[in-house]
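Note sheet for the following structure.
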Amino acid sequence: MTAHTEEAGVPAPTVQGTGDGPERADRSERLSALAQQHGALVTLVIAMVVASLSFDTFLTGDNLENMALSSAFLAVVALGMTFVIVTGGIDLSVGSLFALGGVLAAWGSRYGTAVALLLPLAVCGLVGLVNGLLIARVRLAPFIVTLAAMLGARGLLLAITDEGSRTYLVDKDSFFATLGQGTLLGVGVPVWITLALFAAGAVVLRRSRFGQYVYAVGGNEDAGALMGAPVARTKITVYTLSGLCAGLAGALNAAWLASGVTILGTGMELDAISAVVIGGTLLTGGSGFISGSLVGVLLLKVIQNVINQIGSLDSAYQQVVSGAFLAVVVIAQTWLGRRRRVL
Amino acid sequence: MLSVTGLGKSFPGVRALSDVDLTVRAGTVHALVGENGAGKSTLIKVLTGVYRPDAGEVVYDGAPVSFATPLAAQRAGISTIYQEVNLVPLMSVARNLCLGREPRGRLGLIDFRRMHREAAEALERLGLRVDVRRPLRELGVGAQQMVALARAVAVDARVVVMDEPTSSLEPREVATLFRVIRMLRDQGVAVVYVSHRMDELYEICDEVTVLRDGRVVHTGPLAGLDRLRLVSLMLGREIGEVRAEGLTKFSGGHDAESEPVLRATDLTIRHKLRGVSLAVRPGEVVGLGGLLGSGRSETAKAIAGALPTDAGRVAVAGAPVRPGSTAAAIRAGISLLPEDRKAEGIVPGLSVRENIALAALPALSRFGLVDDARIDRIVDTFVKRLRIKTAGPHQRVGELSGGNQQKVLLARWLALHPKVLLLDEPTRGIDVGAKAEVQALIDELADDGLAVLLISSDTEELIEGSDRVVVLKEGVVVSELTGAAVTEDALMRAIAAVPAGGPDD
Amino acid sequence: MTELTFARPSLDRARLLRLLQDYGVYAGVLVLLLFDVAFTPHFLSVENFRTQAVQVAPVLVVALGMALAIGAEGVDLSVGSVMALSTSLISLYLGYGPWIAVLVALAGGIVVGAANGALIAFVGVQPIVATLALMVAGRGVALVLLPQLKDVRDPDMAALGSGAVLGVPYLVLIAAGLALLTAFVMRRTTFGRQVLAIGDSRPAARLAGLPVGRVLVVVYVSCGALAAIAGVLATARLSASDPTSLGTLMELSAITAVVVGGTPLSGGRVRVGGTVAGAVLIQLLTTTLIKHDLPPSWTQIAQAAVIVLAVYAARERGRR
């Protein structure tokens, strides 16, 4: 009945569960893991091939450059969100923090690049920290805490811009503006920054001890605590990280636009969450990876680009498509997850 | 190595530990025994830094200590293996094994090659060969338990606390576990071993401390203590009493002539049950025997439609019941009192009244509107008949004692006038007085013509309460005890016997 | 809604907290009212009360549905998008007469609710996630149907938006009627009890033979339908369909009203009276701040603070 091996006189406990087909179970397990990991990438490649065959304008340098740039800001937000979602949480405040970060950066840019960068990081990081403290120490539900933070940050944004009527401008010749508008080797600086951040994020999540704690907290919080993972500290860190990422993305965006636009960022939390989930991170926590989120962002942007290229379609279709996409991915995840539990 | 003196710990409304002393010496295996609710779990949680004591002192390695977190205790050398495997199923075996103390290379990054090598070696020392890069959940429960043990050993633990580690292990795995425990003991590690299984205690433990109602009632070497004495210490009853009248309030002996009302045939659930068949007659109590994980609860849940089956039929009074639907089973007259009363039985926030009326609501309402007068009458009847102690029908069930919660659940089912009652551990975690009452009630219900299927880990209860006992092992019916053969001895033999086909078929 | 337990005169901390959770929202409304009567000019006028009531009506209707979802240990983030969808459908179908338009709008809400319910009950997706997907897609569909603001010129809709019986606006009457209906359903029907049992302990409800899936679908369908009604009411009041902005942040206002009203996020309890008071409290708070010339930014920050406080106060109950 069971695969019972004896080696060197050591009775080995059975490893596989009982049943008729450990190998078959194995294969479907691997297949579903593969689907989770690479499904988004395969879809992205297909989408790009189809798009470049259908539209001459798709595979042009300008179009790709534009897509890369507009992806960069959402990608940075999604990076922070990935950490939060792997711990099994959610951060709805990133859209507001993105806008707040942009306004603060634009206001701060008159005092130099350092202030333009550090001010949004400090404020948005602080909001993230408060989120984390309320969630980890006071044990309030993440979605309601970050929903309140979304409102609070938006309020703060209105308060410092005369109720949204004042737009701070960034001096186009300043070094700070170069961070958004400059190019390096023909590629925009924000794209380089984003790539560097993703590389760092991937190393942190995969290769650092903190990363292991993030997975442990999301996979089984109680077990993680009993195994000695600092649960509260890990949660506080990920929400702070998410706040920092949103603030930085806002600042870079302000540098790119050369102004702190107050109406940005509404609905961005949804795009970020969609991108992360499409990229293969389980919303229930405990499983996911950084590179997937980048793929998820690109996929959303390609879809958007295609819808824009069609021209006759309204941009609202973008929302319909990404909502439907999110639903399909979540159903697939739940379904795969349930099959795995049975095994 | 580790000792506590005068330890006390209270929770709102409960005094879990009072004035507990315990001394665990290096190089010994110390058994910690007691009935459910005796305070073992609380004591372990104090030792391992999950709870802080209200009173008393913990002395470890000659100095008083106070662990703020499990991590602090672990760092100091006190590791714990919990009853349920407490690892992260989605993470790889190696990551689980090394969480928090991964080998790190340059730049403080984890050295995965070294981690995998070390993890594989650590598991091989315990006789386990697996691909440590695969997710933990792909392993069987026994193997997962071994990973937990390897984790505990790998931190250079000087004290290892094991809370019922064998409850989900196969005999072969238990043997491996004991080999490791002896190895640890010989290395001078102090082991605290919690288990309900007598054989295991006598096989592996050197000393014993018995807890009852949060107090230490006995401590000393195990060798000189005979089994009956140990049982009487745990139960708080004299030996003569135990022998003379038994421990339960069952009268036993019901009519066994009529046609079966419940007939389950060839119930099969992948990995859990294989072709389980049984029949219960009206007025009969059939016990379902076997160890934890033998498929007892699964059988009951499959009959009640709470677990989807891969094959098999259930029929009540000859009429087939649609499988996989609790609603259909209930309509057919099958009621299940689930094992986990708190999570699956009561609805804690609702009142006694609402809980009793819950399942019968459709029958107690007209056009979707609830008939309050009828509910009040029914609730009143059952509160009186089952002697439910409550401040009133509007008290929340979550505030009642365990025994009364159980009675509320019984009332919920009896209000439906079921034909078949499946009772999964009906007396677990309730106090002695209420236990006797519930047992007497089961007897009475069977006398009234109900068919009862009884599951109990308390063999005494199972033997005395049942007219017949069907014994399960690894999801297969291995034996059926009837008439004079319904004895503890026969049950033990049936459980211990090698199945007909042999272990490797 | 009402708890008839007047035992033990000892006012210990737990009891005080419980009282705060149960009646704090009514006290809050009272305090704000007194403050406004004393310090806000022109507060005590029939016209002002009517304005306040009309403004709170759509929020209240959405909050009623939200209370059901939260009581069943879920949440519905798609309500704002359903309102937008509802207003788009009304504009599109107004040509067939107002009744048809309203029915189509309602059907839209029911479809979204059924999708939510099916995802949650039968696929097993977490409520936040399932309704998030519908939130994104719902507004998208609304915008596809009606890309920009459009005036609604229909005498019947105008009457619904500004008419009144004995001085009480239709909108307020409808909201009050729905609140009473919800309270009745929760207190007197099997469905109400089943919602609470499922919200409190889903495994227990399942083993007790309750039709868990069906009840959950009905809960989310009701929530969608109520949000669609709110969309109709808002459209009538504004005499315009604006799918871009109608209902944005509505999920937040509704959740706030429910939570401030003493319904715990952990499910198993629905306080309809508290939800009404919660919606009124938020409305009064906003009005008070505005009438004292505090900018909208302050209102948002204040609302955020109230949410956190309310969730914090309700927290103890979640731990059993």
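Cβ atoms here come from the backbone N, Cα and C positions, even for glycine.
TrEMBL lists C:23-44 (among others) with the feature transmembrane segment.
Per TrEMBL, transmembrane segment is recorded for C:56-79 (among others).
For C:99-121 (among others), the entry in TrEMBL reads transmembrane segment.
The annotation transmembrane segment is assigned in TrEMBL to C:128-146 (among others).
Residues or ranges marked as transmembrane segment by TrEMBL: C:166-186 (among others).
For C:207-234 (among others), the entry in TrEMBL reads transmembrane segment. Panel annotation: around the transmembrane segment (C:207-234), residues 57-59, 61-62, 64-66, 68-69, 72, 74, 76, 78-80, 82-87, 90, 102, 105-106, 108-114, 116-118, 120-122, 160-161, 171, 174-175, 178, 191, 194-195, 197-198, 246-247, 250 of the same chain, lying at least six beyond its termini, place a Cβ under 8 Å from a Cβ of the stretch.
Feature annotation from TrEMBL assigns transmembrane segment to C:296-314 (among others).
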With a Cβ cut-off under 8 Å, give me the same-chain residues at least six positions beyond the ends of the transmembrane segment (C:56-79) that come close to it. 112-113, 116, 120, 127-128, 131-132, 134-135, 138, 169, 171-172, 174-175, 178-179, 182, 186, 195-196, 198-200, 202, 215-216, 219-220, 222-227, 229-231, 233-234, 237, 247, 250-251, 253-255, 257-259, 261, 263, 265-272, 275-276, 278-280, 282-283
Other same-chain positions with a Cβ less than 8 Å from the transmembrane segment (C:128-146) and lying at least 6 residues past its termini are 75-78, 80-82, 84-85, 87-89, 91-92, 112, 115-116, 119-120, 241, 243-244, 251
Folded-back contacts onto the transmembrane segment (C:23-44), same chain, C-beta under 8 angstroms, at least six residues removed: 260-262, 274, 277-278, 280-281, 284-285, 287-288, 291-292, 313
